[in-house]
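Undergrad: Mind looking over this structure? Questions follow.
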């Protein structure tokens, strides 16, 4: 399935050209800072991480917890719509309460952020770990190993993994810790693109003189991989990982939305949105809050990931620049 | 071409076979007793043992798998205790829940899924290719930045959020559209379209982001080519350069991607179908997962895999046919 299409789909990350030398950390940060979007994205994301980490503290500050039912705060005569305006916002419940149960929304959203970020980052780590291992093995192994691993990676990329993920969650024992299961399911099903990227880059690097020199000194493949290839692969892999995080956040939310994510009463944004489908008419605030959290998180991750890619890849920056220049010329002609 | 196709189809068969082994192993060897699941919660041990015998679960694993493949190719006769029922090929087994053949369940769900996928495709091609062209035409301007941001936002919004927002605006607030409930095309074409409008739009908004990006980058790539530069030197207007020449070069990847996406969607757009309550294949597998209806889960996964693998072959062929520079390897 080595189609031009699936390659282009993966945000063009499969470029077979040798990875450009990674800029020094200082230079990388300077380039990143030069992009406004990156700053905003990083700021928002930083805030979210702090909020997620401080969830117990903030919950204590508000004096609420995410699981206690408050039957007195919902109108049982109207099917459980929160009493008061905007979903029952009050001094006690800063963002209102959940319709039906009266659970505090502010704390539920905060604890939802924990699930979301934890699962997404964990899954990304698994993906990178497996992807780099498979990609490097394919690049350094003999032809048979390469063919088999490359085919497996291609198939992994092409298949609709959400369906498999759903199927898998059906067969795993119920008492298996759910967040860990999500990390494993998302991570182990979606490493194909990373493996392809690493294989392509490592194959190119492998032909360069300095790697050949290392091999001539008698270094084992393992040592070549560790000392010569991995450092050079850091930049493209990091770039790709930055793009994977928001994808995984959506993944987790999707699984939770479909009812196969974390188990209640643990809150998760996708799960909240799923239950909001029956409430959007009576209590719009209940839809808007988790939707906004999810949207802002994913958008800031995407913007930051985009900026990281540009900052790490000098060719990308110069290509955009050239494109714009010809554009102006063309417009004037 | 024929040789190429033959090779690809053979390759696809190998992939599907490997997939079936994997899926079979995962789902049937997973913890949890299939016999207990098939029999239901109120079975006593003797009944479970009987079901286990009926399902052939006492055979060695490879024999079970061979039976699974055999019934896929040649059909299968089941003894139901009261008589023998035939499950015609391609038989994917029977649902634990209602004892219907999985193949029938999938075929029943096909119209909703196909309706959703095809309608959404028309919309996403219009929106995506349009936006991509627009941003390629107005390079460096406010339009390009706007489109870039819309694309980013579109890609960042899961389909259930877009869908919920659409529902809130058009059904709850403005009350312009009915609450989507699936009406078969054969029953009432007008109601069919009205009810599917929001699901189409939700799916198209998500997908069009990808298409806008692809169209933009391939148009820009085409514009950088030598023959376009020559046209430009001859004084062909920028508009006609983009619309007449660059677009032609940009379409093959768009067509190929459409084939792949359609293939994926025929396996069910689970999120969209679940949100809007469309009785499609995606909803089927979600429901089957909740009730641990293993034959249905395995069947849908395999059918989806097949659809995607075939769509990929189709995409490659289309790409080669539409773009003479691409060779079939």
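Note: Cβ is positioned from N, Cα and C throughout, glycine not excepted.
Keep in mind that what you see is a predicted model, and the values were worked out from it rather than measured.
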Undergrad: Which one of these stretches, A:152-173, A:262-283, A:306-327, shows up in TrEMBL as transmembrane segment?
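TA: Of A:152-173, A:262-283, A:306-327, TrEMBL gives transmembrane segment for A:152-173.
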Undergrad: Honestly, do the transmembrane segment (A:229-251) and the transmembrane segment (A:115-140) touch, with at least three Cβ pairs under 8 Å and pairs 6 or more apart in sequence?
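TA: Taking Cβ pairs at least 6 residues apart, the transmembrane segment (A:115-140) and the transmembrane segment (A:229-251) are in contact, with 3 or more under 8 Å.
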Undergrad: When you scan the chain for residues with a C-beta under 8 Å from the transmembrane segment (A:38-61), skipping those not six or more beyond its ends, what do you find?
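TA: Sequence-distant neighbours of the transmembrane segment (A:38-61): 32, 106-107, 110-111, 113-114, 117, 296-297, 299-304, 307-308, 311.
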Undergrad: For the transmembrane segment (A:179-198), I need the partner stretch with the highest count of C-beta pairs below 8 angstroms, choosing only from A:115-140, A:152-173, A:285-305.
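TA: Counting Cβ pairs under 8 Å, the winner is A:115-140.
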Undergrad: What same-chain residues lie close to the transmembrane segment (A:152-173): Cβ under 8 Å, and 6 or more beyond its ends?
TA: 1-2, 6, 10, 134-135, 138, 181, 185-186, 189-193, 195-196, 199, 251, 254-255, 258, 260
